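Visitor: What follows is a structure written as C-alpha cells; I'll ask about it next.
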Amino acid sequence: MGVGELSALNGVAGAYTEQVKLIHIVGTTARELMKKRAMIHHCLGPEPDHTVYEKISHHVRAAHCWLTDSKTAPAEIDRVIHKCYEASIPVYIFVPMDMVHEPVSADILFQPAELTPKGDGSSEIQAVQAILDLVYRAQRPIILIDALVARHEAKNQAREFVELTKFPTFAAPMGKGIIDEDKPYFCGIYSGQISRPGITSAVEDESDLIIDLGPFLSDSNTGGHSRRIPIDKYVAVNPHDVKVADRTYGLTRITSFLDRLNGELDVNKLQNVVPLRFQSPAVIESESAAITQEWIWDRMSSFLLPNDTVVVESGTAQFGFPDTKLPPNVLYITQVYYGCIGYAVPAILGAFIGQRERGVSGRGILVVGDGSLQLSVQEIGTMIKLGLEDIILIILNNKGFTIERAIHGPERDYNNIAQWEHQLMLSFFGDNDGVKKSHKIRTKTEFDKVVTSRDFLTTKGIQVLEVFMGTFDVPWRLRDQIALIRAGKQTGSV
C-alpha cells in the first residue's frame, strides 16, 4: 500500500498504455483501521483516507475490487481477472490485512474459468464474409502485423492466416517477431514514410487490399504518423471490432474472429498473388574501425538464436533494432508507445523467468543504453541472486542520452550522465566471475571476435557486452522521423 503502490504505478501505466495484462495485488490496512482513519505508516497526513491510493490508479486499470466481504471475495477476484483478459490492461485487487485468513467458499473453484473472450457470432460472420469477398478478388494484397495481435492472444491465429494466404506480409515496429522473418512471404518493416526503399510505395500505392491485424497507431509505430493508406482498400482487425473500409463491425474479438476467418477461408479461391521481396541496402563499410549505428544492427543478427527472448530499451536501440533480422520463434519486446526509460532491465528479468516457466529454453538478450541502465540497474543484482543463466546484457555506451541530443540540446549538460565502470558491474552485484564475463568492445573487429568466440557462446550465467558508440550517432529511422516531424509532414491517417 502507498509507497510501493506509487512506485509501481509507472509500470502499471506502461502496461495500460501498451495493452499488457497485469494483475496488481495490493495489501492494505485492516478494515477497522480504515474506518478509524488511523495514522498508519504509508498513509497521507492526519486522519488519512486509507483508500486514496486506489483512487490514484483509477485511470490506468480496467477494473478493481476490494476484498472486504468473504462471501463475495471469490466472485470479485474472478470478475477482475476476467476483465484483465478481456481488455488486456491492468486490474487491481485490494486485500485488507485482516481478510487474508478469512475462510471462503470453495464452490467457485470447481467452475472452469473462461478467459478467452468470445465475440458476437452474427457480427463476426458478417465481417468474415465482407473480408473474404475482398480477399478473393485481390490481385495485390498486403498483410500488416502489429502488436495487438500478441497483446490479445491472437498470435497463433495471425500466423495461420498468413500461412494460409501467403500474402506479402509486413510488420510494424511493434509487431516485429510475431511472424517469423525467415518466411518467404515476410517482406520487412512498414512504418509509413520511415521504411526501407520500395516498402512504402508497395503498401500504400501498389496494393489493392491491406489487411491490418492488431494495429497500434502510435507515433513511433507509424513513422511519426506518416502512413498514407487509402481507406477504401484498408481492413483493420482490431481487438474488439473489425473495420472494412468505412464500415465497422462491432462486438468482435480478435481471437474468435481470426479463428472464424481461417476456418471459412478457401485458398482455392485466392488469386495468383505475386510474391514481393525487398533487399536491405548494403551497409556501406566505412574505413573507420569504430562501431556505428549503420553497422551494428545488421551485425546483431549474427549471434541471435531461435527461441531467444530479446528486450530492447527505448532510445536509439528501439529505432535501430527493426533492421536486425530475427531467427524463428524469437520473443521481441520493446515499449514503443509509453517509452519509459528504465523499463528494459526489469523487463528482461521478468520475461526471461516467464519463458523458463513456459518451458522455453532460449537465452535472454537485453539491448540498453548507458543512460537508461542507470534507472533500474539494481535488477541485475536480482538476476544474480536468482542464479539465472544465459542472459546477455548489451550496453550501448554513447556517453549519455543520445536520442535526446538528437531531438534537442545536443551539447546540453542535462544529456550527459555519470560514466560508470560497467566492467565491474557484475562483480559489484555479487558475481565473483563477473569481470571475466564482461567485454569492452570499441571496434567492429572486436565485436565480431567476441560474439563468435567459444567463450561467449558457451559461458553460462550473465555476460556483459559494453559496446562503445558515437555520442551523436543515431539510427536512420530516428533521424528521418525527427526530420519528418520538424517538417510537419505527419498525416495522422491509418
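From the backbone N, Cα and C atoms, a Cβ is placed for every residue, glycine too.
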Visitor: Which of these, Asp370, Asp390, does TrEMBL list as part of the Mg(2+) site with Asn398, Gly400?
Guide: Asp370
Visitor: Sort Asp370 (Mg(2+) binding site) into helix, strand or coil using the DSSP assignment.
Guide: helix
Visitor: Around the Mg(2+) site formed by Asp370, Asn398, Gly400, list the extra residues of the same chain whose Cβ is within 8 Å of the site's Cβ centroid.
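Guide: Once Asp370, Asn398, Gly400 are set aside, the remaining close residues are Gly369, Gly371, Leu396, Asn397, Lys399, Phe401, Thr402, Ile417, Thr471.
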Visitor: In sequence order, what residues of the same chain, 6+ apart, have a Cβ less than 8 Å from the Cβ of Gly400 (Mg(2+) binding site)?
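Guide: Spatial neighbours, sequence-distant, of Gly400 (Mg(2+) binding site): Asp370, Gly371, Asn415, Asn416, Ile417, Thr471.
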Visitor: In this predicted model, what is the average pLDDT of the domain 'Thiamine pyrophosphate enzyme TPP-binding' (332-407)?
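Guide: PLDDT averaged over the stretch: 97.
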Visitor: DSSP secondary structure for Asn398 (Mg(2+) binding site), reduced to helix/strand/coil, please.
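Guide: The three-state answer is coil.
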Visitor: Write out the long-range same-chain contacts of Asn398 (Mg(2+) binding site), meaning residues 6 or more apart in sequence whose Cβ is under 8 Å from its Cβ.
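Guide: For Asn398 (Mg(2+) binding site), the qualifying residues are Thr316, Gly369, Asp370, Phe468, Met469, Gly470, Thr471, Asp473.
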